[in-house]
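Trainee: Found this in Swiss-Prot, in case it helps:
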- 1-18: signal peptide (SIGNAL)
- Asn30: N-linked glycosylation site (CARBOHYD)
- Asn46: N-linked glycosylation site (CARBOHYD)
- Cys60-Cys286: disulfide bond (DISULFID)
- Cys72-Cys84: disulfide bond (DISULFID)
- Cys105-Cys147: disulfide bond (DISULFID)
- Asn249: N-linked glycosylation site (CARBOHYD)
- Cys290-Cys314: disulfide bond (DISULFID)
- Asn424: N-linked glycosylation site (CARBOHYD)
- Cys486-Cys490: disulfide bond (DISULFID)
- Asn496: N-linked glycosylation site (CARBOHYD)
- 527-547: transmembrane segment (TRANSMEM)
- 548-563: topological domain 'Cytoplasmic' (TOPO_DOM)
- Cys559: S-palmitoyl cysteine (LIPID)
- Cys562: S-palmitoyl cysteine (LIPID)
Amino acid sequence: MNTQILILTLVAAIHTNADKICLGHHAVSNGTKVNTLTERGVEVVNATETVERRTIPRICTKGKKAIDLGQCGLLGIITGPPQCDQFLEFTADLIIERREGNDVCYPGKFVNEEALRQILRESGGINKETTGFTYSGIRTNGVTSACRRSGSSFYAEMKWLLSNTDNAAFPQMTKSYKNTRNEPALIVWGIHHSGSATEQTKLYGSGNKLITVGSSNYQQSFVPSPGARPQVNGQSGRIDFHWLILNPNDTVTFSFNGAFVAPDRVSFFKGKSMGIQSEVPVDTNCEGECYHNGGTITSNLPFQNVNSRAVGKCPRYVKQKSLLLATGMKNVPEIPKKREKRGLFGAIAGFIENGWEGLVDGWYGFRHQNAQGEGTAADYKSTQSAIDQITGKLNRLIEKTNQQFELIDNEFTEVEKQIGNVINWTRDSITEVWSYNADLLVAMENQHTIDLTDSEMNKLYERVRRQLRENAEEDCTGCFEIFHKCDDDCMASIRNNTYDHSTYREEAMQNRVKIDPVKLSSGYKDVILWFSLGASCFLLLAIAMGLVFMCVKNGNMRCTICI
């Protein structure tokens, strides 16, 4: 019997660690959560607050011509009660009103006062010109104990016209003023309502009193209403102040027969200014452009949550206390367990798995290993490209939201309360709209930032893949296994986009042939082992059956079947 010995040899190819280059992005252990159009609470590496919540509790006036009215009410600068004597003419770009300020001395009110306040706040200061009115047959020196200087006096810019003697008839008079300047003029006059009919007769004589005022675009008649009223400043009478803006070359005419408080000077405005009502102190050592009743907002942010009635060059008021603007890429913190399990390249390519917390000098970068060791380097080109597109996002938001705000008070007269309610409702509605708009604007910018940074990562990955071509193989974790020896200079050429794949092509192709093209991962090893075992058993069984068949054929073995 011929004996044949068959030897089955199992050859295992062991692949040593190849040179590798991996791509990844910067990550931090604790990022900042922002909202995007599609998702809330997305963690990013960097974010900037866009809502200002801080304020300086002072009115900063450095570099400004500021005027603090103190006890003088804003409207008093036109009529001239004693407390406003030093403010009858001035120049300012910031007018500060105080709660203690009073517009009048003899009790009364300004008609349509809110509109007049707004005009004066924007005036930039005032200079004045005499009306040139002259009178005969009457007294022009009416005074009252309610307006005291060294003794009884009156409004500095007005003339209280009285009968020549008590109870004497007041003559019918007509006075006109023509505005000869090339700018509008503000004219104020008063209607005196006596405390009683007896007092009116004493001051202006008997009979009905009528005052008529007219210009090219204004016509109004006034009838005084004498009567008992509660005393204010020792007076039961009242003066209603009326006003009009007289255009250049226009003329206003006053016709009256008593109870008339005549203008002595008219007012002209100087440039532009801003007014603020506040009780906080003035600080000449700090600068500001945005003011509210609690102080100054000094911020370059596009939004603020300090005061809805801030005035000046202010951030938009929104209800949100925080709106974070992403200024960095999406953060996927490095996972320590993966790093321990897979070594240097365990936490590779953040756009696939997670980021690199050690990559601090760039947003994107490379890690490599070769015979000379391991290394990490930032990719400045892709980093700068992303930064260039993100830089200026805050400024663009500011450009979209910046607006000069003006103060509109809630101190409306009875006649103006409905207008005041409309203004307040409108202000609240605008706040609601801008709060929504701010949320949407920031979410859109955040979405764009995250998409942009992902795009730059993909561009870098594609750049490397196109360079290496068949000289390397992707491993689906952001790494490329290189099939040739790649020293530090070679790695640098890949990073710098100067790699020449043809130089290494022959070596790479030879090495690819030696390497089993099927890369076994732990998930497939058991399947291959069972397949190998089954194939070996089948081969042994086939050999045994072949030997039996040969023996039977040669007569060396007989098979008897019994039935």
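Residue positions begin at 1 at the first shown residue.
Each Cβ is built from the backbone N, Cα and C atoms, and glycine gets one as well.
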Trainee: Cα distance, Cys147 (disulfide bond) to Cys486 (disulfide bond), nearest Å?
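Mentor: Rounded to the nearest whole number, the Cα-Cα distance is 96 Å.
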Trainee: If you measure from the CA of Cys60 (disulfide bond) out to 10 Å, which recorded positions from the list Asn46, Cys72, Cys84, Cys147, Asn249, Cys290 are inside that radius?
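Mentor: Within 10 Å Cα-Cα: Cys290.
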Trainee: Work out the three-state DSSP category of Cys490 (disulfide bond).
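Mentor: DSSP call for Cys490 (disulfide bond): helix.
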Trainee: Using C-alpha positions only, work out which of the recorded positions Asn30, Cys84, Cys105, Cys147 is nearest to Cys286 (disulfide bond).
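Mentor: The smallest Cα gap between Cys286 (disulfide bond) and any of the recorded positions is with Cys84.
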Trainee: Are there residues of the same chain, six or more positions away from Cys147 (disulfide bond), whose CB falls under 8 angstroms from its CB, and which are they?
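Mentor: In sequence order, the residues whose Cβ lies under 8 Å from that of Cys147 (disulfide bond) (at least 6 apart) are Pro81, Pro82, Cys105, Tyr106, Ser153, Phe154, Tyr155.
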Trainee: Could you state the whole-number distance in Å separating the C-alpha atoms of Asn30 (N-linked glycosylation site) and Cys490 (disulfide bond)?
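Mentor: Just about 35 Å between their Cα atoms.
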Trainee: Counting only other Cβ atoms and using a 10 Å cut-off, which of the glycosylation sites Asn30, Asn46, Asn249, Asn496 scores lowest?
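Mentor: Taking Asn30, Asn46, Asn249, Asn496 as the glycosylation sites, the minimal 10 Å Cβ count falls on Asn30.
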Trainee: If one measures from the C-alpha of Asn496 (N-linked glycosylation site) to the C-alpha of Cys72 (disulfide bond), what distance in angstrom results, rounded to a whole number?
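Mentor: For Asn496 (N-linked glycosylation site) versus Cys72 (disulfide bond), the Cα atoms are 72 Å apart.
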Trainee: Compare the Cα of Cys72 (disulfide bond) against each of the recorded positions Asn46, Asn249, Cys290, Cys314 and report the nearest.
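Mentor: Spatially nearest to Cys72 (disulfide bond) by Cα position is Cys290.
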Trainee: Using Cβ atoms only, which residues of the same chain lie under 8 Å from Cys84 (disulfide bond) while being at least 6 residues apart in sequence?
Mentor: Leu69, Cys72, Gly73, Gly76, Ile77, Ala156
Trainee: Cβ neighbours within 10 Å, counted over all protein chains: which one of the disulfide-bonded residues Cys60, Cys105, Cys314, Cys486, Cys490 has the most?
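Mentor: For the disulfide-bonded residues Cys60, Cys105, Cys314, Cys486, Cys490, the Cβ with the most other Cβ atoms within 10 Å is Cys486.
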Trainee: If you average per-residue pLDDT over the topological domain 'Cytoplasmic' (548-563), what number do you get?
Mentor: 63
Trainee: By the DSSP assignment reduced to helix, strand and coil, which category contains Cys84 (disulfide bond)?
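Mentor: In the DSSP reduction, Cys84 (disulfide bond) maps to helix.
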Trainee: Name the secondary structure element type, per DSSP in three states, that contains Cys72 (disulfide bond).
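Mentor: Strand, per DSSP.
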